[in-house]
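Q: Structure incoming, see below.
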Amino acid sequence: MKLTQGFRMAIKSVLSSKLRTALSMLGILIGVATVIALVGMGQGSTKQVEEQVASLGTNSLSVTITGRGTATSLSLDDAMALADIPNVEGVSPTVSGSATVKYGKNSTSVTVEGITPDYEQVSDFSVQSGRYIASMDVKNTQKVALIGVDTATELFEEEDPVGKTIQVNGSRFTIVGLLEAKGSSLTGSNDEKIAIPITTGQKLFDSVGVRTVALKVTDLDLMDITVAALEAKLLEKFRGDDSSYRVFNQQDAVETLNSVNETMNTMLLYVAAITLLVGGIGVMNIMLVSVTERTREIGIRKSLGAKRRDILFQFLVEAVVISGMGGALGIGFGYLGSYVIGVVNGTDTSVPFNTVILSFAFSAFVGIVFGIFPANKASRLKPVDALRHD
Amino acid sequence: MTNESSGILIDINNLVKNYVMGRETVTILKGVSFQVEKGDFVAIVGPSGSGKSTMMNVIGCLDTPTDGSYKLDGIEVRGMSENKLADIRNKKIGFIFQGFHLLPRLTALENCELPLIYRGLPAKQRRAMAMKALEQVGLGERVHHRPSELSGGQQQRVAIARALATNPPILLADEPTGALDMKTGQEVLQLMEDLNRQGHTIVLITHDMEVAHRASRTVIMRDGVLTEERRDRDEADAGVQDGDQERLVKQA
């Protein structure tokens, strides 16, 4: 018997009992649809996280000072000295706190960051109009500020904020530049803040040292060495008290996030595999029923010269056709599902093509695996017994 | 008709068939010897339980004998693999069953094509052969009907066409009129007589003496033994049909 003939016969037989086929397909269909939808969602979130992390820059490091008091604080000069560590391209110490800003009748509470001019390069965060904080501003403790786009809209609505004077916790600051829009990152919104010279910030928040230092390295491959050198230097500075600072590696963060995502995706795969397994058992059930129901047909076919392998092939192909059709429909529903999820959640979803191929192939494979048992049972029937069956 | 020139098609010698039922072994066929020549129309008659169905299963290669020898068309069948037996069923034997045994989802034509599919023939050739067989049984116009849309007689004729389609040397009929009323039964028997006249060898299994008398030779089975054999026609049937007379003359 030829292959194409076998397929034609199987499809015909499968289509001739539509309800049963549809019901047995359901398991596989739901399984594949779940895989597609969940993977689509997972991929979407992975992409989003990756984009956010990339916006922070992977070649950056940050040091957070957690200690209090003079012994365990890092002065501005100490922070600037970190630039001497080999492979460090830029150092950007910051202090931050929140403050109430006021312009006319509008007022809002925002994050205020005290920065140095290097902030622009290290954090890759520039102004779209006006000028940046200059070193002279830092030196002279000038009351100038850069404003984030969201805060600008809130305070000034349609007006151009550059050159205007605002009140920050009661002190008057002149806005010299409007920051570019950067969106939110893992550390919160970048657009709802104002930036002032670090010295001004220290005065405003009445703090001695700096709270965080962002560093930029020149060579990503030397990250580990740089981190080690940085820690050595800080340890020396804090006289062995390694609990008062923390070095945070952006690369580590990316890896952590990726591993979290990976775990999630693996979990999804397990869920999908279980669903498909259950679907496969459904197909096997139906095929077993079908074998019993069609015992006489098998007997007739055998009496007409069907060999064992012909019967085996027929039932196997039927199982594969059922699960394959379930898989194909599942892909369709999965796409639809991931699209709907994306729209409802307002997140990106993307279904990788190889997942589609893989899940379809897997569903066909499930058909083969779970089709073998019933098909074998059918093929082993003795023609005499099968013909006698009612 | 080529009766005279042909050899022996079925040659059964001292054939035994046992069945194991629980702990007991039941012997159904107790050393049966039986020959069928090419062109014969033989009826195996016997009451139920006599072993005639087992006989038919063995002749049809649906079941294998326990002991003895069965040569079909010169080939020893005993001890053959399941695949070989399937091949022999496909090429040498055309089955006509009591319950027609047509596949309900297939049309008459597709039913007739089925054995040809298992022979591995290309679609065109299959169709032509199946059509020819259906025309032979007078169903050339109803080929696209499903069994459920055909009368019992028509269904049996489709079954006969299916048996004929592969052009087998032997037609094996198991109570072919059992599920039919008198009139259609007679029609089917008439058709079988016609086929026999065209040179087909037919083995007919029945419990009905009257049906058996339509054959040119009758063998009686009783308790697993062939007890009687008649080559002559019963006087009750004599002179019914010209065809029978014709064959009687040839047989004599």
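Just so you know, glycine gets a Cβ as well, placed from its N, Cα and C.
Curation does not apply to TrEMBL; its annotations are automatic.
According to TrEMBL:
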| type | residues | note |
| --- | --- | --- |
| DOMAIN | A:21-232 | domain 'MacB-like periplasmic core' |
| TRANSMEM | A:21-42 | transmembrane segment |
| TRANSMEM | A:267-291 | transmembrane segment |
| DOMAIN | A:271-383 | domain 'ABC3 transporter permease C-terminal' |
| TRANSMEM | A:311-336 | transmembrane segment |
| TRANSMEM | A:356-373 | transmembrane segment |
Q: Please work out which recorded stretch in A:21-42, A:267-291, A:356-373 has the most C-beta pairs separated by under 8 angstroms from the transmembrane segment (A:311-336)?
A: A:21-42
Q: Restricting attention to the domain 'ABC3 transporter permease C-terminal' (A:271-383), give the mean pLDDT.
A: 88
Q: Do any residues, 6 or more residues outside the transmembrane segment (A:356-373), come within under 8 Å Cβ-to-Cβ of it, and if so which ones?
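A: For the transmembrane segment (A:356-373), the far contacts come to 28, 31-32, 35-36, 272, 276-277, 279-281, 283-284, 287-288, 315-316, 318-324, 326-328, 330-331, 334.
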